[in-house]
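Engineer: As listed in TrEMBL for this protein:
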type	residues	note
ACT_SITE	44	active site, proton acceptor
BINDING	414, 443, 559	deamido-NAD(+) binding site
DOMAIN	4-261	domain 'CN hydrolase'
REGION	481-512	region 'Disordered'
REGION	602-658	region 'Disordered'
Ligand SMILES: Nc1ncnc2c1ncn2[C@@H]1O[C@H](COP(=O)(O)OP(=O)(O)OC[C@H]2O[C@@H]([n+]3cccc(C(=O)O)c3)[C@H](O)[C@@H]2O)[C@@H](O)[C@H]1O
Ligand SMILES: Nc1ncnc2c1ncn2[C@@H]1O[C@H](COP(=O)(O)OP(=O)(O)OP(=O)(O)O)[C@@H](O)[C@H]1O
Ligand SMILES: NC(=O)CC[C@H](N)C(=O)O
């Protein structure tokens, strides 16, 4: 059997940085070639970064990407790397078709493409066949699909190519890889992180490798791009399911693997030639890169990087998202308000891990209602983490405002949050720090924050983290520090105290909201799995609480739309994943006699991750008293005495606590 050494370059490209990304390809190829790799694979749309969104519709950007690819092939050869096959994603164009949104533009539609560079030339190209158009993806908006499977022969092995979604859907190029008699299926990816997605990916890779009867090599990017975080997790599996190698999560690097693969058997064109044929009715383009067989060498066993625990993984995703957002947008430092509460404490700990304590500015902004512990816990956090700390009392500013504009009740309460927001933005303008918003997913869901107050900021690290998970992450981070004999960053007081916005004397979150575990359970089922009010009631939740919670969710959309971006960690975030109108008269309430539930419409990616057994929730009846500060659940229907016809939909249990 022929041998080949492949390198999966798990790197962090930057969207739009064509030159820097090309430099990264050259650097990594040098590194791989120094380890005698024969083939180096880079992620999906490596040259442009991913996803490029509407940049794909700019002819100038497509032209630059195509030119950069040609230049890269020449440069690799000039730097002595021409004999290493380099597989690299880029933004291409199908010259034969016209993109529907580009009327009046020159002919040619953008494509999510991959190319093989060898001997100073672009020797093969292929475009992504399955364009994901669900969740955060809109690829049908930008791209026309590819129309063939590319197979290139290298050192006697036939390597078939696929691009990310091509393995998530049936049919297309991957479905004929077996009949095309490929020895290796190489998949280039831009697969964003979601909790537990690594398990789905491995299962999927195994299934596809078995179906294609080939070894499958999967290379994914790392790093943050606006709301997405890429976790890497590159891997190689054999057709019998054996996992040969797996890269560390969230770390840049090069996974080098020796493979013994079957001899190419299909007839092939001579060196540099390209033939086209149909395999099982699907077009296959074959290219031969070299016919020189390699001398035998001792293969290295593949490395299996240890897996992160669930909480470690989420924490790493948030750190990665924040670090890359800050650095890729030209900032070095951040500023945030420290209330002594859990949310700002967790965000501060994440920021210190991402950027270094010297680049994190914490501001305590006590008002006349602030408790002693809010100030002392903020100071304690600063001492533990070493972040830069200052105190700016806001009472005089609030007083001066009220002397000039009469505000009372909620308007006065919110003024405090707004003076804090203005203070942070002032410091940002003055000192150049990016402002971090500290709201969590639960608050965003129910609108429990002051717009233009604590909701100001450039980036919101925990906006996709439910409140109950903020406590888990805080405990996990402290325990991880203790294990390493380091000071736990988060004061225990911030973890233990009952949450309060401290906007009026004695205020507690529980005055306005159901208890967080109950609230998060309802929100998880409603937001991430589309259970409606009737289904939630059928699952055992109190009808009044359900109606109240769903009403708060429906009426807070305007706040979410104006909230800063933040890293996606769940299967459905409040960004691209969930698109609901702001202006909408629709309000959810349990129906007295429910119609049978419509079949769940879920994306392929979601289908992958919802296969766990159903959870049986205990009836939940905790009550919360609405305040004037929040919308009243006046549309609540009395709970039905009849058994609803709706069966509880199969749901994964909420992610397990650690
Ligand atoms: N559809 C729409 N489109 C655009 N704007 C819309 C709108 N509906 C209202 N608005 C605007 O929004 C305003 C109401 O929103 P907003 O001013 O935020 O005020 P609001 O949502 O009424 O009150 C803020 C709530 O968040 C709580 N809070 C504040 C701060 C921190 C925390 C915490 O624990 O972290 C909690 C606070 O206790 C209170 O319950 C309206 O006065 C109006 O200007
Ligand atoms: N006294 C304060 N000093 C500085 N920043 C504050 C203060 N109070 C509130 N903030 C800012 O506003 C945000 C929202 O306020 P809130 O009091 O709800 O705190 P929290 O940190 O979200 O935690 P918790 O909900 O547990 O109280 C805080 O995270 C913080 O950034
Ligand atoms: N870039 C892509 O095609 C990604 C889609 C794929 N379902 C994933 O999330 O991994």
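Using N, Cα and C of the backbone, Cβ positions are placed for all residues, glycine too.
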Engineer: Please give the greatest C-alpha separation between any two of the deamido-NAD(+)-binding residues 414, 443, 559, in angstrom, as a whole number.
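Structural biologist: Greatest Cα-Cα span of the listed binding residues: 15 Å.
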Engineer: Hey, which bits of the same chain come close to the region 'Disordered' (481-512), Cβ under 8 Å, at least six residues off its ends?
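Structural biologist: Hits for the region 'Disordered' (481-512): 339-342, 345-346, 348-349, 352, 367, 369-371, 373-374, 376-377, 380-381, 384-385, 413-414, 416-417, 448, 467, 471, 474-475, 624-627, 629-630.
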Engineer: Expressed to the nearest Å, what is the distance separating residue 559 (deamido-NAD(+) binding site) and residue 44 (active site, proton acceptor) at their Cα atoms?
Structural biologist: 34
Engineer: Round to a whole number and give the Cα-to-Cα distance in Å for the pair residue 414 (deamido-NAD(+) binding site) and residue 44 (active site, proton acceptor).
Structural biologist: 45
Engineer: What does DSSP give as the helix, strand and coil breakdown of the region 'Disordered' (481-512)?
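Structural biologist: In the region 'Disordered' (481-512), the DSSP-based counts are 11 helix, 0 strand, 21 coil.
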Engineer: Compute the C-alpha separation of residue 443 (deamido-NAD(+) binding site) from residue 44 (active site, proton acceptor), stating it in Å without decimals.
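Structural biologist: A Cα-Cα distance of 35 Å.
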Engineer: Could you give the mean pLDDT over the domain 'CN hydrolase' (4-261), rounded to a whole number?
Structural biologist: 95
Engineer: For the recorded deamido-NAD(+) site formed by 414, 443, 559, name the remaining residues of the chain with Cβ within 8 Å of the site's Cβ center, in chain order.
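Structural biologist: So the extra residues in range turn out to be 417, 439, 447, 448, 449, 450, 451, 453, 454, 455, 556.
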Engineer: Inside 10 Å of the Cβ of residue 414 (deamido-NAD(+) binding site), count up the other Cβ atoms and send me the figure.
Structural biologist: 20
